[in-house]
């Protein structure tokens, strides 16, 4: 009993000692720092603790120990002790899911990542063995190899093509001399706001009202003007001058403005960069003071301030430095009326003579002439400017501007039949018959100078009363469009009129329909005044039977086309004291209506009086005017004839049939070779003005000696403009396009310090 107790005690002690000996290092390795040396609860006197910290024995034992691995170690030690085996620590198999302990000398190779993880985890110069890399994409960059961009995964993007209306600079073949001072000049008819509204039904009805509003168009115009970045800008049809001046003031421009005389509220304006030029002289021409209608022109002298040593953002010096240049800038909007070549010539002649005088006053400063000239390239008026001389002998007065070759574009009936259907209905709600529409169209044309040649392609003829009243931008082009279905094309021109009991429009209502608005357009007032001046009262009351086809016919003579219509209507009128026949109608056109007649008609229109009797108009005619009409009843109209007064208007001398000027002028666009689809055979733009009833060229920039053309802004191709029925568009803010030229001062014109 005692022996067994002793053996048990010895075995227990040995076991405890062995267990303590074996578990001591395990205890030491496994115990966390706060519990090192503590005795844990458990069987026997040996303390036990638990830890999941990995440990690497410094003595070389690399046993991987977990929190409960010492149970197996004690069991194995007791088993080997019982069988007399020497002590050897057992190394349990390594758990492949466990991470190895940190060792700076340990080379750890993780398993190869999945195929989709190559680019994210793969390290430089470390490739797992026995792997196939053919299917794996290469890494984007290696430290030991040259970098190359990754291959494009998508198709190669093509270069963005330029829009069809993109405008590029076109350069002259001869560049200016090095060091020449250059400046950019612009000419632009920006379309007056009130004209756009007044002519919306005839010229711009395809354009939404909001896009035709001044706010919308102003933003487009200001953006475009800023884009071209001209140093000098000559603008026509400017009625919102204060708005435009404020916008351009923030962009460094100063400006002057001259409003037209008469009832119009638009005019011409000249802008210039304040840090490039300063204004040294200014004057304007009011042509009405010379008996040349209500158009105006501007003349100013600008002196350069920006030298090669001055930056554009610097304030210019108050006084000009030695070697500065001066330039005379002229801006004009010529009368529209295509048959009044005498007034057109008179206006241009007056401006050129005045510009030459101003140039002489300022030491022969070179001249730049900009504007809307309402004449076609190579017309007699164009040739007068370029060739310095024009002979009126044998030249028809209505052929001076070349507008007989203008292209008018009558609106298609389907575009507005529904829109204007209510305007063409009678009071009983029935649509007016064709003959009434024809009569209405003729009454719309009651102010037309019946001496106008039937082949004139003015916008007045096909586009009804609104254009008949005159849109001065409508003038010239190269082609002639057919005048078919003109009766339906002109329906919208009679929308505010009602037939009388006889089915015809009354004379009183017809006259009231010709009332000039309080804010009369420049086009409208110019053309109306032209037309009022060019016809007598009797002719105004006798041509309402003319048909649109006769107006548009390019092959019929004007007298024969109207003669069959005059007698019937004259009989209906029964005007006492007036003896009218065909020649009478055409005779009073030119000389019967003087300034007194214009004053009378202006008052009549302004008062808006409804005349109830057809004879009231005659009773109000001044005696002098009436007698002139009666005395001329036997004169037959000839479009080639010139009265002494008309010759004096054109040439300045009633005894002289030639008109001359002293300036050597060149059109800047004709000096620069351009694309075939943007230029005509003369080098001028194919189109500078485009709306519903016209497409052609009327705008120019001219330069005198002392200046050299460097480059011009290419016009918009005609095909690119024809995608829309007419301008303005959501992109372009006017029915004209801007002409821009860069000019250089010639060294011979360098001025000494004054």
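From the backbone N, Cα and C atoms, a Cβ is placed for every residue, glycine too.
Per Swiss-Prot, the stretch carrying the note region 'Disordered' among 2-33, 34-65 is 34-65.
Feature region 'Disordered', per Swiss-Prot, maps to range 404-431 of the set 376-403, 404-431, 432-459. Around the Cβ of residue 237 (Mg(2+) binding site), 29 further Cβ atoms fall within 10 Å across all displayed protein chains. Broken down by DSSP into helix, strand and coil, the compositional bias 'Basic and acidic residues' (162-171) contains 0 helix, 3 strand, 7 coil. According to DSSP, residue 237 (Mg(2+) binding site) is assigned to a strand segment.
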